[in-house]
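Asks: The following feature annotations were taken from Swiss-Prot:
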type	residues	note
BINDING	Gly81, 84-85, Thr89, 91-94, 109-117, Ser121	5-phospho-alpha-D-ribose 1-diphosphate binding site
BINDING	Gly81, Asn112	anthranilate 1 binding site
BINDING	Ser93, Glu227	Mg(2+) 1 binding site
BINDING	Arg167	anthranilate 2 binding site
BINDING	Asp226, Glu227	Mg(2+) 2 binding site
Amino acid sequence: MISDLISKLQEKTDLTYDEMNQVMTDVLSGKTTDSENADFLSNLTDKGETDDELLGMLDKMQEFSLKIEPKNTGTIIDMCGTGGDKLQTFNISTTASFVVAAAGGVVAKHGNRSSSGISGSADIFEYFGYDLNLEPPKIAEILEKHNICFMFAQKFHPAMKHVSVARKQLGKRTAFNLLGPLSNPAKVKNQLVGVFSIEYLDRLPLILKRKGAQNIMTVRSDDGMDEFSTSSTNRVCVLRDDKVLMNAIDPEVVGLHKSSLTDIQIQTKEDAIESFVGVLNNTANQAMIETTALNAAGGLIVANISNNFEEAVELALNTIKDGKAFSLLEKFVQDTGDISKLKEIADG
């Protein structure tokens, strides 16, 4: 089956939803070889994925994944980027997730170790002693108690191990980079997603709309980040009430200072940890704090807590300045990890 579809892709012929869904059953069951998988993914990337193809893959990924059943009432969101911007910035969406949760949102964070950056969200949670292999019911409890949790992609998507060799061999972006952030195990209907390419800005909301999404915001900054940036204008696409709207967000217009990309870049895993804690306890540089606030603002709008960016940025900054964000981190680490690790960084 897969060899026929590889031939089709080589001829630049699009696959149907059903063809993709069927071949993904074989791929994620381990019935195909590493070289077939690499060939398939490479040719798919070269052809360019259609929405039907992406949806066929996404539905099958979710069918094969573990799930969590959140007990929280109200809007549950996720916020993350597709990664791969190679800009070596600090962990913006992870930091912003704690700000959103401290400001009254509920964030079911889904993430992984870093693929092309210095530190991924999993690296941060793990550093503070969070068990990446927690079972779904325990994670649902953590979410209910703290309004934030972390679901490790490798734990929740065990079938993805069948494509890990092929993805490493290829060493380039494939459809899975795009679909990872969309395959949240808590089945969230409200998401902020940073994208690595402008072409996906309006495509992802439309794909997620077909899956019953409610509020989706995608972002790409003009300086190349798959997150909101305070060093340039940000292109934003919003799905709300079944309508898709494009917008541009200028950081200075929403009350922030223009910064430079170098202000938020890091070089080591230690830098990543220190930046994460530094923002939440309000000791990091202005650019890191304001970049986090702008990304948290996107999350607060998606979570139906704020109506516009000006209001949301102010709420995010106040949540950091009045100590609520750091207080949540302390309680979270006390409950799920090793508080001495946090004290060491915070007091350092």
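Just so you know, glycine gets a Cβ as well, placed from its N, Cα and C.
Predicted, not measured: the structure shown is a model, and the values here were computed from it.
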Asks: Please report the distance from the Cα of His110 (5-phospho-alpha-D-ribose 1-diphosphate binding site) to the Cα of Asp226 (Mg(2+) 2 binding site), rounded to the nearest angstrom.
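Replies: If we compare the Cα positions of His110 (5-phospho-alpha-D-ribose 1-diphosphate binding site) and Asp226 (Mg(2+) 2 binding site), the gap is 16 Å.
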Asks: For Ser93 (5-phospho-alpha-D-ribose 1-diphosphate binding site), which of these binding-site residues sit within 10 Å, Cα to Cα: Asn112, Arg167, Glu227?
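Replies: So the list reads Glu227.
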Asks: Just to confirm: which same-chain residues, 6+ apart in sequence, have a Cβ under 8 Å from the Cβ of Glu227 (Mg(2+) 1 binding site)?
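Replies: When sequence neighbours closer than 6 are ignored, Glu227 (Mg(2+) 1 binding site) has Gly81, Thr89, Ile92, Ser93, Gly194, Val219, Ser221, Thr291, Asn295 within Cβ distance under 8 Å.
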Asks: Taking just the CA atoms, what is the gap between Asp226 (Mg(2+) 2 binding site) and Arg167 (anthranilate 2 binding site) in Å?
Replies: 20
Asks: Given a 10 Å Cβ-Cβ cut-off, pick out the one of the binding-site residues His110, Arg113, Arg167 that has the most other Cβ atoms nearby.
Replies: His110
Asks: Taking the Cβ of Asn112 (anthranilate 1 binding site) as the reference point, list residues of the same chain whose Cβ is under 8 angstroms away and which are at least six residues distant in sequence.
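Replies: The answer is Gly120, Ser121, Ala122, Phe152, Ala153, Gln154, Gly180.
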Asks: Which state, by DSSP, holds the residue listed as 'anthranilate 2 binding site': helix, strand or coil?
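Replies: For the residue listed as 'anthranilate 2 binding site' - judged by DSSP and reduced to three states - the answer is helix.
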Asks: Could you state the CA-to-CA distance between Arg167 (anthranilate 2 binding site) and Arg113 (5-phospho-alpha-D-ribose 1-diphosphate binding site) to the nearest Å?
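Replies: Computed Cα spacing between Arg167 (anthranilate 2 binding site) and Arg113 (5-phospho-alpha-D-ribose 1-diphosphate binding site) is 15 Å.
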